[in-house]
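These come from TrEMBL:
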type: DOMAIN; residues: 7-219; note: domain 'HpcH/HpaI aldolase/citrate lyase'
type: BINDING; residues: R68, E126; note: substrate binding site
type: BINDING; residues: E126, D153; note: Mg(2+) binding site
Amino acid sequence: MYTRYCRSVLCTPATSPERYAKCHRSGADICLVDLEDSVSVRRKQEARSEAGAFFSSALGMARHCAIRINPVTESEGLHDLLAIQDYPVKPATVLVPKVESPRDLEIVEQVLRPRCPGVELFAVLETPRGVEHAAQIAAACGNLRALIFGAADYAAVLGINVDWEPLVHARARVVNGAHTAGIHAIDSPTFDLTDTKATYREAELALALGFSGKIALNPAQVTVINEVFSPGMEQLERAARIVDAARHSADGVTTVDGGMLGRPFFEASRRLLDEFGASGDAPQVAHR
């Protein structure tokens, strides 16, 4: 399982550079500069320029930063990829929207590989075709690190509400696809920016379904998301007891706190401790 720490991804429009510093102060695990949905068509080139300035600044080099490009099936997406090649500091991660087949990621990888060999990819699945092909997309390339569910576009295609219940099946497909390849599954944002309870509820439901994190649209959501996707001390202490018991288990089965546990529980507990540590704090992401 890919265990680099990623609870929250805070999205900031590339055309709002005054918000970049707030993004960094938010506590988000990944700061995302967006060239796609939050940028109007007439400002795409401006957005690329602003993003380039960001990735040459101290902020762009200070922590794990990502960029969301436009779809590679559109000319703007190809312009984005060419621009990224010339950024003084390359983004750690490129989010690829509207991925519908492994070929979409192969295009991105082929364009970026010569100048950005270490870049990681996140694939956004937000159409019925993309969700249907989740497992194939998850296995498309070695530098893919997460599948992200895009609820708004998916619901729009189906002509349904963006409420949680109608989209549970699609979310489950994305989670299952991600886990078949051992990568992250990240949930769509909560679109009500003022309802903290809604963010809590959706984050808790996403965690229960198997997501490892969630997109945030403002710093207040980051606080909620980080809290929900961080284990409590009791959970970590139990994981430590399970791992310790596993070391002394000769037949792959043991008892902890009155319950019978086997290898799947051992592996899950090891992943939890690897990701969050005994204290619950996230491992530091290496600076570039």
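Using the three backbone atoms N, Cα and C, a Cβ is placed for every residue, glycine included.
For E126 (substrate binding site), the same-chain residues that are 6 or more apart in sequence and have a Cβ closer than 8 Å to its Cβ are P97, K98, F149, G150, A151, A152, D153, Y154.
Within the same chain, residues at least six positions away from R68 (substrate binding site) with a Cβ under 8 Å of its Cβ are C11, L32, V33, D34, L35, E36, V94, L95, P97, V124. Annotation note: D153 (Mg(2+) binding site) sits in a helical segment as assigned by DSSP. Mapped onto three states, the DSSP output places R68 (substrate binding site) in strand.
The local packing around D153 (Mg(2+) binding site), expressed as other Cβ atoms within 10 Å of its Cβ over all shown chains, amounts to 18.
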